[in-house]
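> Below is one structure. I have some questions about it.
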Amino acid sequence: MADSAKTPRGKKRRPFTGLALWIIVALLLGMAMFSLFGRDGYQQIDTQQGLELLAGDTVEQAKIIDGNQQRVDLVLTEDFKDGDEDKGTQVRFSYVDARGDAVVQAVEDAAPAKGYTDEIASSSWWSTLLLSFLPLLIFIGLFWFLIMNAQGGGKAMQFGKSKAKLFNKEAPKVTFADVAGADEAVEELDEIKQFLVDPGRYQAVGAKIPKGVLLYGPPGTGKTLLAKAVAGEANVPFYSISGSDFVEMFVGVGASRVRDLFNTAKENAPAIIFIDEIDAVGRHRGAGMGGGHDEREQTLNQMLVEMDGFEENQNVILIAATNRVDILDPALLRPGRFDRQIGVEAPDLKGRLHILGVHAKGKPLAHDVDLEAVAKRAIGMSGADLANVLNEAALLTARSGNQIIDNRALDEAIDRVSMGPQRYSKVMTERERQMTAYHEGGHALVAAAMNNSAPVTKVTILPRGRAGGYTMVVPTQDRNYQSRNELLDRLAYAMGGYAVEESIFHDVTTGPSSDLQNATKIARTMVMQLGMSGTVGQVALSGEQDEVFVGMQQGQAPRFSAETASLVDQEVRTLLDNALDEAWSVIVENRHVLDRLVEELLEKETLNERELAQIFRDVKKQPPREVWISSTERPSLAAPSVGGTTTATGTESHDAGEPLQPNPPELPHPGGEGPQIPGAPHGGEPGGGGYGYDGSAGTDGTGR
């Protein structure tokens, strides 16, 4: 992959294209020259005119030509004029076989002064060659042109060459200073850079350079940005390529490109290779719809050989990124190939604040904007989400004609990123507004009455995204896990909207469908993955992978019996019934608070945390739940006496709501669609689906 010559504009020259153009120009010039100078000076006349000349006395010499063209060339004693056109003294006419005898007789009768002769016509060798091979040359040129365009130009027959791009040192650099919220990953990658810059320091103590570094984590957390920072920091060749660039429709191309890429890196060592989205080529062998011997697996096999074939001090490091580490082939992940596997997770409060500070550069913020407060509201957001928040705030500010980004723009930007844009055009009837207000009020009231729920920070009945209204329950700090009581509280306030509809309106709409789906998913996770059911027991009944990998699960039998599946269903139903009972109890005991909340919602449409706290002052809290032990045969011990203060079971935390780590129950985006019922409206309004949880954002949001 040697660097190609470049034009002043920076585009690669195409040597084969230039050669082809010169060949075409030469052919055209040759044809033009032949057309202009290939004639012998004779002018064409009609057959009748030729016979009339032979019958006269002006013919000085004649030549009868036979072969692939039958004609007579005449040399005259005076110019022949065809009307106003002077044909000169050299003319010719053609004839057909039927006139052959008559033409010969006419020539003999004319008895030219210099006589006549016969000749067999033959083409010149070069014109014959040109006419024979010109169509073939045109076809080859057209084919070459099409292939060059299909392969990006200039690489018609280089299918097996790597498509990796060499980092341009003249381009604007991304450095480690531009990466925020991933301090551990930056530290690890900075050490990789030091390996390449000063390998002797590490080799002196017997350390071996890592052969591979795998960056994994959810989308938007900055894996590719980290690779760009390595490219900007390292003063060594940096080759970047996507995993999908290895596999083409031609068999063997992927393996050939892998060989070419690694050979080029070795020739220019020390060097770094970066493969983005490596799961496109490195997924588990023997799985998927392509079978066990497809082109992708051949490419993976070649990559395994190249990684394991590095010499000890080759000074070539492979960095790869993926958000599906669970489907990568085990041989790719073993030590000796990817020696370091660095998780890039969603940032904590400090990381979010740093990220906001990086992306706030160049944006005019109002003096009262507190980025730390924004970071606290953005629990669970990735770096890409936070960058999008500030960009949306800037767009909203420009749209409104202002010059300064204020707190209102940031607040709206967070809601747009979390829930989607507000739907100003959606018209709701008074009955629908009332039902939406009571439904969202039910969610908020139950959340406020629970002992382990995060604070309710916002309730609105304004349609946004796919929801007709929503309730935000946001923790005040980052959490690494959740207790059983915290999850039970989430189930309870998830059922709050359903409980309000059934208890107050004496009817249930299709609106709570998403609530039921989310609550069922949480309950099933508690029973099947977390061992939070005394009936089912402390077993993990789900597979090792949370996400389906098509082909890997095909043909696999369930890991539990039908009786166990029935028991799981019963336990899930029990958890949801208990949650509905708790929500119902809260609504009955706090009906006056609910009515006051609905009245404020109908008047203001949106209530913030301070206004909600004022309304919820009189809420009657639920009593703490009984201590839960998986088996009554096991004794309960005293609360912890070492390592800090701990409240009694049932009041563990008022800052719940953070997704479980490392495998949280995946919750749908707020405002999921409800069941498609003929004649029923959709889109989150009464009669349509639309309550949800924003588990991915680290907040619980119920949306109608």
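The backbone N, Cα and C atoms fix where each Cβ goes, and this holds for glycine too.
Note that the structure is predicted; figures quoted are calculated from it, not measured.
Pasting the feature list from Swiss-Prot:
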TRANSMEM  18-38  transmembrane segment
TOPO_DOM  39-127  topological domain 'Extracellular'
TRANSMEM  128-148  transmembrane segment
BINDING   Gly217, Pro218, Pro219, Gly220, Thr221, Gly222, Lys223, Thr224  ATP binding site
BINDING   His439, His443, Asp515  Zn(2+) binding site
REGION    624-704  region 'Disordered'
> Between His443 (Zn(2+) binding site) and Pro219 (ATP binding site), how far is it from one CA atom to the other, in Å?
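Pair distance, Cα basis, whole Å: 30 Å.
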> Over the span of the topological domain 'Extracellular' (39-127), how high is the average pLDDT in this prediction?
83
> Taking the Cα atoms as reference points, how far is Asp515 (Zn(2+) binding site) from Pro219 (ATP binding site) in Å?
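Per the Cα atoms, Asp515 (Zn(2+) binding site) and Pro219 (ATP binding site) stand 26 Å apart.
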> Helix, strand or coil for His439 (Zn(2+) binding site)? Use DSSP.
helix
> Relative to the Cβ of Gly222 (ATP binding site), which residues of the same chain, six or more apart in sequence, are found under 8 Å away?
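In sequence order, Val179, Gly181, Ala182, Ala185, Val344, Ser382, Gly383, Ala384 meet the Cβ cut-off.
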> With DSSP, how much of the topological domain 'Extracellular' (39-127) is helix, how much strand and how much coil, in residues?
26 helix, 37 strand, 26 coil
> Measure from the CA atom of His439 (Zn(2+) binding site) to the CA atom of Gly217 (ATP binding site) and give the result in Å, rounded to a whole number.
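So the Cα of His439 (Zn(2+) binding site) lies 36 Å away from that of Gly217 (ATP binding site).
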> Note the Cβ centroid of Gly217, Pro218, Pro219, Gly220, Thr221, Gly222, Lys223, Thr224, the recorded ATP site, then list each other residue of that chain whose Cβ lies within 8 Å of it, in sequence.
Ala321, Asn323, Val344, Ser382, Gly383, Ala384
> Count the Cβ atoms, other than its own, that fall within 10 Å of the Cβ of His439 (Zn(2+) binding site), considering every protein chain shown.
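Result for His439 (Zn(2+) binding site): 33 other Cβ atoms within 10 Å.
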> Find the shortest Cα-Cα separation between His439 (Zn(2+) binding site) and the binding-site residues Thr221, Lys223, Thr224, and name the residue that gives it.
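Smallest Cα separation from His439 (Zn(2+) binding site) among Thr221, Lys223, Thr224: Thr221.
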